[in-house]
Amino acid sequence: MAKAATSKKEASKVEAKKPAARLGAKKTVSKSEESVKTSQSVKNSPSRTGSSSPQKGGKKGAVGEIKQVIGAIVDVQFEGALPNILNALETDRLGSRLILEVAQHLGENTVRTIAMDTTDGLVRGQKVFDTGTQICVPVGEATLGRIMNVIGEPVDEVGPIVTTKTRSIHQKAPEYIEQSTESEILVTGIKVVDLLAPYSKGGKVGLFGGAGVGKTVLIMELINNIAKAHGGYSVFAGVGERTREGNDLYYEMIESRVNVNPKENDGSTKGSKCALVYGQMNEPPGARARVALSGLTIAENFRDEGQDVLFFVDNIFRFTQAGSEVSALLGRIPSAVGYQPTLATDMGALQERITSTKTGSITSVQAIYVPADDLTDPAPATSFAHLDATTVLSRSIAEKGIYPAVDPLDSFSRMLDPLVVGEEHYAVACQVQTILQRYKALQDIIAILGMDELSEEDKLLVGRARRIERFLSQPFHVAEAFTGSPGKLVSLEDTIKGFKGLCAGDYDDLPEAAFYMVGSIDEAIEKGKRLMAEASS
């Protein structure tokens, strides 16, 4: 009886020492249920004070204490069994809930964890509770129209995400036998993309570019064009980018009716098409290293329910960068250019999950920042192997004022195959690239000797190349406020027709300016006639 009374007292002490936030209402229904189960598990678990050697696999509700805090890395010591690798631990930080993810098992019953939020306010000796599971996020239609953080908590101040469905952010990639192998083009309405580097439905697309060449604007235009035409669900993962851009995107989605404004709909987001998961620049590296996985988990759930999902990531380089920061804090020896030694493994674990199955598809569009415009940098170079199409944004094209600043010669797609796109499309794309390649080769001669030294044939080719270059520009819907021009969505048929005529020389009589920032070729002809009439008057 005395022993039983003692154990009850010990259990009540453990209960009393739990953080206040743990007993409060959670932001998702599923989390509160998990919290109740965890507290019962702690209450009913036997005292482990007598155990000195770590047992295999810690039990849910095990209690440890903080031994060391180094930035985003927290060392926690347990008496008895250690939590499994990737388990989520929970503690109190200045009255709010802080999640730690187990990364390493050290000696002396200690685990090294990565914090999913800032560690300000943590102290040595503070109690930490093992949840017994990995980080789980809410999934399903309740997430649509909402902004969540890395652990699935809503940050849009619209109330809790009411769902009982949650899913671990660490999942295995689908088996090879489950994957779909069909090839189909995803038409974006952007001329340069659809003609020269078409996207694959259910494939992976990379937008490569340095700082300030238009990656985010292009992603926002793709969301606007595809999400509207496509009609399915989308998931946007903001990884280590500007908070302002995330805020703008949220309101633009409401304005373009992709999402429903909950403030005008009695707090409901029913009818929304896109879920947003943000881990922005100001977040610790732990959050930035995991937020892409959180977004992907939501997308995978929709795919497994039979949906065709669009998954946008801005920016995949920040995922690598966060992994590099975490790796250094964990004490791993850096690899090439200071990146983590597990760079290829980390990237592969994420990218292999972004795939289409026989149930549904995930079409992924990923912005990839290129440090110092160097495509051979290990971070962008590691991404190349996983992509079905690459859209390379060039600073030299942006300097000419041509937007989107897509490099027509560096961009590539495995879909540009006559068996997939058809003979006409393939032939026109090859003609355009041949003319632009010849123009690029002649630019040194033009710069040194001038146009007069070229042959008549080359002069004609240069004129066509300059018209093609300008016709590759296009006004965007999401940039209307900046350009003052209404956005244009161009069908694939109109795109092929326009470039076929340009290559054949059908529009050699029109001024070059007629082809700049227009949609279809008919608009260019109309603009050209207007310019010629103004010049002659």
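Note: Cβ is positioned from N, Cα and C throughout, glycine not excepted.
Features as listed in Swiss-Prot:
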BINDING   G209, G210, A211, G212, V213, G214, K215, T216  ATP binding site
COMPBIAS  7-18  compositional bias 'Basic and acidic residues'
COMPBIAS  44-55  compositional bias 'Polar residues'
REGION    1-61  region 'Disordered'
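Each residue in Y369, L393, A398 lies on the same chain as G209, G210, A211, G212, V213, G214, K215, T216 and has a C-beta within 8 Å of the C-beta centroid of that ATP site, without being one of the site residues. Here the binding-site residues are G209, G212, and the one with the most other Cβ atoms within 10 Å of its Cβ is G209.
Cβ neighbour density within 10 Å is lowest for G210 among the binding-site residues G210, G214. For the recorded site, A211 (ATP binding site), the DSSP three-state label reads coil. Of all the binding-site residues listed here (A211, V213), it is A211 whose C-beta has the fewest other C-beta atoms within 10 angstroms. The Cβ neighbour count for T216 (ATP binding site), using a 10 Å radius over every protein chain in view, is 22.
Within 10 Å of the C-beta atom of K215 (ATP binding site) sit 26 other C-beta atoms, taking all shown protein chains into account.
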